[in-house]
Amino acid sequence: MGVLLAPSLLAADHARFGEQAQAALATGEHWLHVDVMDGRFVPNLTFGAEVVRALKPLCPEAVFDVHLMVVEPERYIEPFVAAGAHAITVHQEATPHLQRTLAAIREAGCLAGVALNPATPPETLRYVLGDLDLVLVMTVNPGFGGQAFLPSAARKVGELAQLRTEAGASFKISVDGSVNVKTAAGLARDGADVLVAGSAIFNHPEGVAAGVAALREVLGP
Ligand SMILES: O=C(CO)[C@@H](O)[C@H](O)COP(=O)(O)O
Ligand SMILES: [Fe+2]
């Protein structure tokens, strides 16, 4: 299976979410990445489950990939499931009860993901590998779009691919932060299954379709 692209709505025009989400899906991509920030876990605020609920009828084919950058993420599983999320990712650093939280996400019928801040080692997931469907490697510090890529954090992609093989696990490896035409191909070669891209898609000077096409071109067939 080829690499999936997950356009990140954080970089979309917030006054035209529906239109921009539809433009991203019209390119043939299916995932939509939804960045939820609470002003506590990260120094920025975005939106909540109502955005997924509102987009759902406009984008019935979308896979809503929710990235919770919030403290106490377990409190938000139910509202996002009810709104129509398909994948819910919590931060390893945000909950002391990671296994329970992942189990609750799966129990609710969603893919269960864990995000790793740049300083968090993949080994911290060793004892929850069987509870995971997705690991989100942050290649910037979470909180903002348009930041500089951290190559040290990207090294985790290959390490996770190795850990996955050794453990006989099957989680997807997703990468989030400064995914663009310079970084995408290397990340895919290292083992990324999903590439989250905000600025590279929604801030492309020729529009959303051109942003997706440029990434697809460097990724190859
Ligand atoms: O989770 C985050 C930021 O915290 C991301 O999903 C950003 O939306 C990525 O934006 P770009 O780096 O692609 O502009
Ligand atoms: Fe994100």
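Just so it is clear, glycine is given a Cβ too, placed from its N, Cα and C backbone atoms.
Copied from TrEMBL, the annotated features are:
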BINDING   Ser8, His67, Gly143, Phe144, Gly145, Gly146, Gly198, Ser199  substrate binding site
BINDING   His33, Asp35, His67, Asp176  divalent metal cation binding site
ACT_SITE  Asp35  active site, proton acceptor
ACT_SITE  Asp176  active site, proton donor
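Same-chain residues that are not part of His33, Asp35, His67, Asp176 yet have a Cβ within 8 Å of the Cβ center of the divalent metal cation site turn out to be Ala6, Ser8, Leu10, Val34, Asp65, Val66, Thr89, Leu136, Val196, Gly198. For the recorded substrate site, residues Ser8, His67, Gly143, Phe144, Gly145, Gly146, Gly198, Ser199 set the reference point as the centre of their Cβ atoms, and the other residues of that chain within 8 Å of it by Cβ are Leu10, Ala11, Asp35, Val140, Gln147, Gly177. Listed in sequence order, the binding-site residues near Gly143 (substrate binding site) (C-alpha within 10 Å of its C-alpha) are Asp35, out of His33, Asp35, Asp176. Of the binding-site residues Gly143, Gly145, Gly146, Gly198, Gly198 has the largest number of other Cβ atoms within 10 Å of its own Cβ. Ranked by CA distance from His67 (substrate binding site), the binding-site residues His33, Asp35, Asp176 have Asp35 at the top as the closest.
Rounded to a whole number, the C-alpha distance linking Asp176 (divalent metal cation binding site) with Ser8 (substrate binding site) is 9 angstrom.
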